[in-house]
Amino acid sequence: MWGFTRAGKPRKNGEGQTYWTLPGSVHPPENKTQSLVNAIQAMPLVREYVVPLNQHIGAFALPCVDVGQHVLKGELIAEAAGFISAPAHAPTSGEVIAIEERQVPHASGLTTSCIIIRADGKDQWRPREPWDDLQSHRVADILARVQRSGVTGLGGASFPTAVKLSSDRDHIDTLIVNGTECEPYITADHSLMRERAAAVYAGINVVDHLYHFNRILVAIEDNKPDAIVAMRQAIPDHLKERVEVRTFPTRYPSGGEKQLIYILTGREVPSGGLPLDIGMLCHNVGTLAALSDAVFHDEPLLRRITTVTGEAVARPGNYDTLIGTPMRELCRVAGVNTDKADRVIMGGPMMGFALPHTDLPVVKATNCLLIPTGTELPLPGVAQPCIRCGLCEQACPASLLPQQLMWFAQAKELDKAEDHRLFDCIECGACAYVCPSNIPLVQYYRAAKGQIRQEQAEHKQAERARVRFEARQARLDREAAEKEAKRQERAAAAARANAAKLAAAASDSTDVSDAVERAKSKHPDKPTAATPPALTTEQLTAKLSNLTGRVAKAESKLAEARADAPEQVKALETTVNKLQEQIKKVQADLARAEEQN
Amino acid sequence: MALLTITSPHTVSNTSVQKIMLTVWAATLPGFLALVVFFGWGYLINAILAVTTALVAEAVIVRLRRRPVWTCLSDGSAMLTAWLLALALPPFAPWWVTVVGVLAAIVFAKHLYGGLGHNPFNPAMVGYALLLISFPLEMTTRWATPDALLLDGHSFYIAWTAVFGDLNPLQIDAFTMATPLDTYKYDIAALTQAEVLQQGIFAKGYRAYGWEWVSLLYLIGGVVLIFRKVITWHTPVALLLTLSVMALLFSWDGDTRVPLSLHLLGGATMLGAFFIATDPVSSATSNRGKLVYGAGIGLLIYVIRTWGNYPDAVAFAVLLMNFAAPLIDYYTRPRAYGENTNQREGL
């Protein structure tokens, strides 16, 4: 309220419900009505599906089918690899025709391993085993079913849902159902709530069965009145006590998990923490509907609702699309006029990214394809100098100082950027949206974060190398010490043996001094016994050439190490020095030998 | 289809640097018109001269720095700097005073520091301070009485001659030695408040005839800027509040010192509070920082006006706080979402 601190005070909406206002946030034109004219339409079957193996955060799935193999709809085609991972399933029945690298929707034009399935047109399901209730199943079985279903967060980040649901269940008392959908243009969640509210509640049931929440807050922005009504009417009786459908003013980015938690409860997720640190769990409505399909109908995540919209689209709307559908097919069905478009954006105008082309598959995170005309979303003008007007700061929902962060990023003062909470930036783009100088602020933050992460990785690597080197040094020292100890032991043993011999000799001869003389003559000069016996000139020459060769080798290794492996330099230097000392010795011996000759 | 791959956000609001500069400029217009109405054509002549000089200087130096000339000229920043300086100069200041001030502002205070967005000091105030120190006579004796335009049919001729000719201001009735603040400050040492207020500059029962209108119109323009979100309320409110508190504490007796009403409405206070101190480039950035920054300026204005030798202290107060802005920024960073400030380094 004062503008220089968090709002802090609860407010009431038109219905008397409480909400907290975000400190910053913006309100770009919503543009949601275009895609809400019609009900959700099923995208017809196409000839070929491309299923990428990493549609989620975490480890790649591993293919478990062979090329040429016939698969049924819903059949597992790639297994999760590791804890944070999700499996992939055949979106329809058909033949696996290839497992190869294909370009996938990613800001950097990344390619990744994909399983390509040619549809047989029958869309034939694998045998399924639906459940009628949850009570007759063990929690572990439910979780295993969720894990096997490959459900990931459908809000955008694609975090494997099974992992989220296996978090500590003791301290979590609130479920937040995210139906906010604050990005302009996107209506996938809106249409889902409007038409399939029951499925969302079925999903809520599953999560509630696992956690037994004290309260369940369904959060919807007030620009979706029909979704609000539908979600209120569909509340099942047994949840009526605990479910509250909360509405609040339409602002961007209310749908960010942390922002939403603040709006609903006035509480903040600690920096670097998760909602569960303050006893909350947050799920997107699409995820919950998918969860219900997975648990009750044994349907793995094969499809999602994708909004296709923008002025270059003849039939904007929401399409129930199988994962792996080529985007160009979706564009064809929606009537995209490619002549009018200059961009295809996956996601919304605020956080989505422009795709290089439409020969890419729809993935679990494809909530929207936005194909605007040049006049609809004009390109930003040339960036001008920052005049520190502070509009970005007024807009930042995380109370950061975007312009300071930009200066720091520009000047590569990464420590200062971190100190100014760079990593609390959620990259919502509100700052860049309001910037009068058209500065691509978010790009600066992404670049700076990338640099910091890289530096940290390099630092870690150097640290590992240092530890490795030190361990090796310690091992060498230990070995040398052991050798020395053994040598001393041997020497001691020899001395004992000698003494025994002497004693024996002494007992043989009464003249001890004789024995001592004998022993002395056996070892003419004991102190120099360690020096190797004199070698012939030829032997010395051979040794010298051998040593020279070894020095040359060691020196070349040292040069390499100076360039690539600084941690080895010291050890190699010691080697070279030792070898050179030996050479000097041998040379001296040789000189002496030659003199004697 | 050849697609553009640019990064998010893909939509921007319709603000621009040019729009911001023009809005600020437009908000000064009512006050400016009042200046012309009350004090004559000198302000208009000054303004045109200053803006022309600024545009030429900007074009030349931008060319020398090999930047796009038209882009820089069209952002409106040079124009606004010159305009604000012209509003602060005496209406009958000789032309070369204006030109020197504008050149100092554009060339030295702005471009030698790296151009728009990089200047640590407010360019207009740098120009003003330079003039006040270098040409104290021209800067303090060329003010007009409030009737310059209203009553004198020859006022354009007078203004023109004063600016471009060698007209001695002391020969003309329409000239006055100084601004009301200055007059009051020096006269109150010898006279009572009632006697001081009988002088021409305070005539017609007003505290500072003409200046009051100008100040109030600046205030209105400033409030419009706040509502249009071009500036935030923090700097001006902190400035005005601090100045008022100081005046109430130390000037409660109008027979010894300049009273609060004259502090607020008699000089450049309103212009400074809403149009000078709010210059984003050289001021503190966070909202809390702006409160400290504005309060500092308000405090310094009172101190310099009361115990210093300069008649109007806005320029020096702003420049001094420009020095402090980075430090203020360091200590007033807002708490980020989810941040535990106890763990913050350096505090």
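For all residues, glycine too, the Cβ spot is worked out from N, Cα and C.
Note: TrEMBL annotation is automatic and uncurated.
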- Item | coiled coil range according to TrEMBL, out of A:117-176, A:537-596 | A:537-596
- Where TrEMBL shows A:Cys386, A:Cys389, A:Cys392 binding [4Fe-4S] cluster 1, which of A:Cys368, A:Cys425, A:Cys428, A:Cys435 is named for the same site? A:Cys435
- Query: Which sequence positions outside the domain '4Fe-4S ferredoxin-type' (A:378-406), separated from its termini by at least 6 residues, show Cβ-Cβ distances below 8 Å to it?
  - Reply: 3, 6, 22-26, 253, 256, 258-259, 342, 417, 420-422, 424-426, 428, 430-441, 444-445, 448
- Message: Per DSSP, what is the helix/strand/coil residue tally across the domain '4Fe-4S ferredoxin-type' (A:378-406)?
- Response: 10 helix, 0 strand, 19 coil
- Task: Based on Cβ atoms within 10 Å, give me the single least packed residue among the binding-site residues A:Cys392, A:Cys425, A:Cys431, A:Cys435.
- Result: A:Cys425
- Query: How many Å separate the Cα atoms of A:Cys392 ([4Fe-4S] cluster 1 binding site) and A:Cys425 ([4Fe-4S] cluster 2 binding site)?
  - Reply: 12
- Item | Cα-Cα distance linking A:Cys431 ([4Fe-4S] cluster 2 binding site) and A:Cys389 ([4Fe-4S] cluster 1 binding site), given in Å to the nearest integer | 11
- Between the C-alpha atoms of A:Cys396 ([4Fe-4S] cluster 2 binding site) and A:Cys435 ([4Fe-4S] cluster 1 binding site), the distance in angstrom, to the nearest integer, is 11
- By DSSP, how many residues in the domain '4Fe-4S ferredoxin-type' (A:416-445) are helix, how many strand, and how many coil? 17 helix, 0 strand, 13 coil
- Query: Expressed to the nearest Å, what is the distance separating A:Cys435 ([4Fe-4S] cluster 1 binding site) and A:Cys428 ([4Fe-4S] cluster 2 binding site) at their Cα atoms?
  - Reply: 13
- Determine, for the [4Fe-4S] cluster 2 site, the additional residues of the same chain whose CB lies within 8 Å of the mean position of the CB atoms of A:Cys396, A:Cys425, A:Cys428, A:Cys431; present them in sequence order. A:Gly24, A:Cys392, A:Ala395, A:Pro397, A:Ala398, A:Leu400, A:Pro402, A:Ile426, A:Glu427, A:Gly429, A:Ala430, A:Leu441, A:Val442, A:Tyr445
- Chain B, Cβ under 8 Å: which of the binding-site residues A:Cys392, A:Cys396, A:Cys425, A:Cys431 qualify: none
